[in-house]
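As structure tokens, the structure follows; a few thoughts come after it.
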Amino acid sequence: MQNLGIAITGSGSAVPETSLHNEELSQLVETSDEWISTRTGIRQRRLALPTESLSSLAAAASRQAIASAGITASDIDLILLATSTPDDLFGTATKIQAELGANKAVAFDLTAACSGFVFGLVTAAQFIRTGVYQNVLLIGADILSRWVDWQDRRTCVLFGDGAGAVVLQANSSDRLLGFALKSDGTQNHYLNLAYQGTAKEILPNVKITQGTYQPVTMNGKEVYRFAAQKVPEIIDKALFEAQLTVDQIDWLLLHQANQRILDTVAQRLNIPAHKVISNLANYGNTSAASIPLALDEAVREGKIKPNDIIATSGFGAGLTWGAAIFQWGR
């Protein structure tokens, strides 16, 4: 098969209408707007109502991305959903396929937590580069508000809900300029949404485990230390593959985890603050949704323009981290 180029040709995003401000959180746990904002940069986050689903948010973001790419749902060959919070543990991508009417698309979920969008981007690119598919819909979406302990101020202040999507298409020139992916399972315990089973005897001498999950747990100091060290390193590696220098980057688009992490990574790469995209204050950490959500907002606001070079990096549970360098548009 002939190797093809890749272009990201459309973007979209969707968030729940319900907002929860820092001041309101102080009614739940011992905290304050000043405490949260100075440590995280977050001022509010969006929360999905009980009647809202991950698939509905993802489908709304996808419709925008498909429209902005100038194609229809019937043109989509593959749907990749990066999520850790599916509607159904068996998979939610097929549910989105049905909602969109993307009848010819293969659809499956991919789980890499907050790195999910970057891992999904690289995965989607391989299907296009090898000529298997022409049009891929990549979605990052999470509803972590359903999986946090709302009495734990170390985690409940951080997370919000949302979805973002992009369309990748085969292109005469390759706009994915470089990438690098890494994993380290020895540090898995620093950030978990872990299985928590309850032993149950269903017959004499026959025991099974009734499955459920415990709320998100995190060692914030270790996650910060990991991100501050590993993210600049992997962006440098992706830049080397792209044969570019830091000075050639137009925008730094990181997973929106914590403003201190964004600032530290930018400083270590010598990237000025005006090149750093951040919407963390309005949405909090939306996990796999954070990069495509921030990307779509920046495109719609006119910040990101055709041919701009973007360095993006996702990092989080696993531990996993990755970076990709791409040019916006065809």
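Easy rule for this one: first residue shown is 1, then count along the chain.
Backbone N, Cα and C define each Cβ position, glycine as well.
Other Cβ atoms within 10 Å of the Cβ of Cys114 (active site) number 32 in total over all chains. Residues or ranges marked as active site by Swiss-Prot on the basis of sequence analysis: Cys114 (among others).
Mapped onto three states, the DSSP output places His255 (active site) in coil. Counted within 10 Å of its Cβ, the other Cβ atoms near His255 (active site) come to 32, all protein chains included. Taken from Swiss-Prot, the feature active site applies to His255 (among others), supported by sequence analysis.
Feature annotation from Swiss-Prot assigns region 'ACP-binding' to 256-260.
Taken from Swiss-Prot, the feature active site applies to Asn285 (among others), supported by sequence analysis. Annotation for Asn285 (active site): spatial neighbours Ile42, Cys114, Leu144, Leu158, Phe159, Gly160, His255, Gln256, Ala257, Asn258, criterion Cβ-Cβ under 8 Å with sequence separation of six or more.
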Seminar exercise, completed: Over the region 'ACP-binding' (256-260) the mean pLDDT stands at 96
